[in-house]
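Undergrad: Attaching a single structure in structure tokens format; questions to follow.
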Amino acid sequence: MTGWTIGIIGGSGLYAIDALHDVETLVLDTPWGAPSDTLVRGRIGGVRFVFLPRHGRGHRLSPTEVNARANIHALKLAGCTDVLAISAIGSLREELPPGHFVAVDQFIDRTVHRDTSFFGGGLVAHVSMADPVCPRLSVFAAEAAERAGASVARGGTYLAMEGPQFSTRAESHLYRQWGADVIGMTAMPEAKLAREAELPYALIGMVTDYDCWREDEAHVEVDAVLAQLASNAATARGLVNQLAALLPAERTASPIDTVLDQALITHIAHVDRAKAESLGPIVSRVLGARGF
Ligand SMILES: CSC[C@H]1O[C@H](OP(=O)(O)O)[C@H](O)[C@@H]1O
Ligand SMILES: Nc1ncnc2[nH]cnc12
């Protein structure tokens, strides 16, 4: 096996990955509650994957109800080294039509009803979100999507809205003026939490609709989104197969693996032991290095 264990967070329309071998089901609990569903760990060639359907199998959880802290914590417990999210997105740009894929590299977070951090309560950390996506994983994922037959835009800003309602037309126009390229309801705080957990994170978005800013296009409705997703899901599965084929045999360290060295500022003499223990693998590396 290689040193990679890739957590795959499957969004709307992606509730399973068939190509995994030696599959085991993981029923995990976290200090934040249960993740969205059981996790499935397996391998393709020499690469280990852990799959988690973000909304649960059967799509039971709304974007606000997705427990991103539990999901990222569970992926860390399952031994993931990196996390690739695959999401349905609306397009805010003419040149990103339905069917296109986008390797997102920036976010604007407009979510308001979500728990956004593992820290607080006796342990304080301030991670950088200047570059929220791991460039290495993002390039591999974009390349894999292209090999699976997708047209992939390299780079794009994702506006994370609370939902579950889609945007008003005024909001859609506003987000375009802000420079957002695509829109969705789930990548935040997921990307922030992955960074806090020292997990390199990338997001491949699959465009399903033009939201509601375009004059000559019907506004987004969920049935059109689901129809587009059905035709994208096979490509998304192909992406995972291609990723397994093109990842280098050995995973070298990423700077994101150790971000808490700078970011965690609570002096070890003042760290709350119960809090540190509850965070488990998220802080054991950095606290261990400090002699905690
Ligand atoms: C089914 S349309 C809206 C829904 O789809 C996206 O979910 P995900 O990012 O998990 O693929 C969007 O964010 C909304 O949750
Ligand atoms: N237009 C849209 N707005 C928000 N989330 C979406 N997911 C897919 N299409 C979307």
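For all residues, glycine too, the Cβ spot is worked out from N, Cα and C.
It should be emphasised that the depicted structure is a prediction, and the values quoted were computed from it without experimental measurement.
TrEMBL lists 5-234 with the feature domain 'Nucleoside phosphorylase'. The feature phosphate binding site is assigned by TrEMBL to S12, R54, H55, S87, A88, T186. The site 'Important for substrate specificity' feature in TrEMBL is assigned to S167, V222. The substrate binding site annotation in TrEMBL covers M185, D209, Y210, D211.
For each listed feature, how buried is it and what is near it?
TA: Under the DSSP three-state reduction, S87 (phosphate binding site) is assigned to strand.
In the three-state DSSP reading, S167 (site 'Important for substrate specificity') counts as coil. Taking Cβ-Cβ distances under 8 Å and a sequence separation of 6 or more, the neighbours of S167 (site 'Important for substrate specificity') in its chain are M161, Y175, I183, D211, C212.
Under the three-state DSSP scheme, D209 (substrate binding site) falls in the strand class. Around D209 (substrate binding site), the same-chain residues at least 6 positions away in sequence with a Cβ under 8 Å from its Cβ are G90, S91, P98, V220, A224, V225, Q228.
According to its DSSP assignment, V222 (site 'Important for substrate specificity') is helical.
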Undergrad: Which whole number of Å gives the largest C-alpha distance between any two of M185, D209, Y210, D211, the residues noted as binding substrate?
TA: 15
Undergrad: Just to verify: the residue among R54, H55 with the fewest other Cβ atoms within 10 Å, which of the binding-site residues is it?
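TA: Per-residue Cβ counts within 10 Å for the binding-site residues R54, H55 bottom out at H55.
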Undergrad: Of the recorded positions M185, Y210, V222, which one has its Cα closest to the Cα of H55 (phosphate binding site)?
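TA: That would be M185, the closest of M185, Y210, V222 to H55 (phosphate binding site).
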Undergrad: Express the distance between the Cα positions of R54 (phosphate binding site) and M185 (substrate binding site) as a whole number of Å.
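TA: Taking the Cα atoms only, R54 (phosphate binding site) lies 12 Å from M185 (substrate binding site).
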Undergrad: Hey, what's the Cβ neighbour count for D211 (substrate binding site) at 10 Å?
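TA: For D211 (substrate binding site), the 10 Å Cβ neighbour count is 24.
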